[in-house]
Amino acid sequence: MKVLVIIALCLVAFQSALSKKIENFESYIEDLKSEARECIPLYNDCTAFKYNNNCCKDPEKKYQYKCSCIVCKEGKEQCTCQRKETVESMMKCVRFVKKVGEKVIEKVG
């Protein structure tokens, strides 16, 4: 009997801790989204070229660059030249966080 009570208390504690973690995780994702939508002044703006990477050539041919675009809160698009590896890593991270968030919400909801 004591074991069942202890298990029940552990489950209740675990559930409340998990719900707090999920709330924190959801707010963290929202913070990331709003942060990503904030536009900043650009030094290597390639918006006029969109995804045409001619504006992102490296004269020393040391790195490959991509024109990466986001849509800001105002609906305005902003594009910058970034290293290809950075853009690809960022996209993998975004997809991973999105999948984890969906799975957590699916399990809870």
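Just so you know, glycine gets a Cβ as well, placed from its N, Cα and C.
If you go by Swiss-Prot, CYS79 shares a disulfide bond with CYS69, out of CYS69, CYS72, CYS81. With a 10 A radius on its CB, CYS46 (disulfide bond) counts 23 other CB atoms from all the protein chains. Of all the disulfide-bonded residues given, namely CYS79, CYS81, CYS93, the one with the smallest number of surrounding CB atoms inside 10 A is CYS93. The most densely surrounded of the recorded positions CYS67, CYS72, VAL108, judged by C-beta neighbours within 10 angstroms, is CYS67.
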